[in-house]
Structures are given as structure tokens and as C-alpha cells.
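Now, the feature entries from TrEMBL:
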type: TRANSMEM; residues: 48-65; note: transmembrane segment
type: TRANSMEM; residues: 77-97; note: transmembrane segment
type: TRANSMEM; residues: 131-150; note: transmembrane segment
type: TRANSMEM; residues: 162-178; note: transmembrane segment
type: TRANSMEM; residues: 184-205; note: transmembrane segment
type: TRANSMEM; residues: 226-243; note: transmembrane segment
type: TRANSMEM; residues: 249-271; note: transmembrane segment
Amino acid sequence: MCALKTNMSGSAADVRSGDGYHYYMYQFWDDMCDPRTNSLPLMSGGPWNLMAILLTYFVIVTKLGPNWMKHRNPFELRGLMLLYNVVMVAINLFFLYESVQWLDFGSRLADFKFPDNRDRSAATMRIVRMFHYYLITKFVDFIDTLFFVARKKTNQITVLHIYHHVSVPIIGWISAWVSPVMPVLGLFALLNCFCHVLMYSYYALSAFGPSVQPYLWWKRYITQTQLCQFAIIGLYGLLLNVYHTDYPLVYRVMPVSQGPIFFLMFANFYIKSYRRQRLLNKTKSKAN
């Protein structure tokens, strides 16, 4: 499991001497962290920097941003959005490739033994670095919400949207804290990047305006692909619980809880969106 580098008697002494609060707020997180990640940005000293970033994001996109835009005209950001979406397609293609390599084309998914955190081989340390970079890209994903705010499309800042953008960095941080080389993380990154390549490709094309709309008929299949992603994660989580060796409880619970939660939330979005679209199409047909 995670490394326990601290002298336990010293930790107990800290608690008795009144330093227990400081220990459990800061040092505890370093002591229990995977030793290969505890010195990386955002990892040292506990999750508090992460929490500060997420809180700032939440306040900006739900309060400060919409209030600032209230009496302003929406920004025209088509060129900037196109650039952003093209960059995100490239980033996710890169991590899709890295995930395939990480999983050795899927063969490592059959290994249910918790990884040894003393492994510092070149291949393993590359995975550690790549997963940390992947975690950082989850903050780059926040930019799409800022576009919604700047374009006064706040109806698109839904509970699902916020939950997705906030929970994924938290899951990523916990993963890097526990062990960033678990095969289940490679599976998540693989599926997530594949979905994001489709999603950001769609957004990039839609930035060209109404002229390309007839060619974007495949939008609904993006959500269907996302639903498959969460179903696969949940099912793999069940296998992990049955066959695992020494996996910590947090990573036996997370796939079988978050997979279904995301599945239900995206399914609800899918049903509502395409029920509304069918009603709109029927209305247009009657009008014609």
C-alpha cells in the first residue's frame, strides 16, 4: 500500500504535544503518499492546494463570472474556441497513445495485484510522470466552462458539468496519492481520452458555425460512448474487488461507486436532451 515513511512514535508524540492538528493537516498526507509522487506539484502537503483551485473555479463559474457578465454582451470567441478544441484533441490523442502503451495493449488489465511503490524502473517512472501530467490537464478542461460564462451560456453549466469537472481532479489526486501506476487508472485514461477526442473534435467542427451543422449528426453518439466508458469502469471495478491482491479499500470502492454515479448522471442528461430534440423535431414537422 502507500508508503509510511514517518516514525510512528514521533507522530504520536506530535499528537500528544498539541501538534496533532498540523500533522494530520499536512505531514500525514506526505507520510502516507506514494513516495514517487509526494514531491510533485499539487501533491506535497495534502490536498489543500487542489481544494483551493476547485473552490476558486466553482465560485468563478457559478457566481463571479455570471455576475460580471450580467450587463455585458456575450463575447464572440469562435477563433479562440477553435484553437482550444484543436489543442485539446491533440492533448487527448497523446494521452490515448500513452494509455495504450501503459496497458501494453490491454494485457496489464489482467494484473490485479496492487503495484509495488518501490518500483522506480524507467518504464514505471514514465507512467508516474505521464499520469501527473494527465492530472494537470484536468484543470485545462476548466477553460470550456469559462467559455460558457463569457458567451453567457450559463444554462450549460449544469450540476453534471460542475460535478464532472470537480470530481475528476479529486479522483486523479487521490489516485496519484495512492499509486499512480494502477492499471485501472490506465483504463480510465484510455476511455476518457477516447471520449474527449470525439467530444473536442465535435466542438472544434461546430465552431465553424451553421455551415457544418449537417455533418455533426453524430453528436448523440458521443454521450453513448461516455455511457459505455462508465459501464466498463464499473464492471472492471467489480472484477478488481473479486480478484485483487492488497488493493486499498479506497480503490476498491471508487470504481464501483463513481462509475455508476457518472453513468446515471450522463444517462439522465442523454434522455432529457434527446427527448427534447425529438419533441423539437415533431414540432418542426407539424409546422411544415
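Placement of Cβ uses the backbone N, Cα and C atoms for every residue, glycine included.
The transmembrane segment (77-97) and the transmembrane segment (226-243) are not in contact, since fewer than 3 Cβ pairs between them lie under 8 Å (pairs 6 or more apart in sequence). Among the stretches 48-65, 131-150, 162-178, 249-271, the one making the largest number of Cβ pairs under 8 Å with the transmembrane segment (226-243) is 249-271. Distant neighbours of the transmembrane segment (249-271): 158-160, 163-164, 167, 171, 174-175, 178-179, 182, 184, 220, 223-224, 226-227, 230-238, 240-241; these residues of the same chain sit at least 6 beyond its ends, with a Cβ under 8 Å from one of its Cβ atoms.
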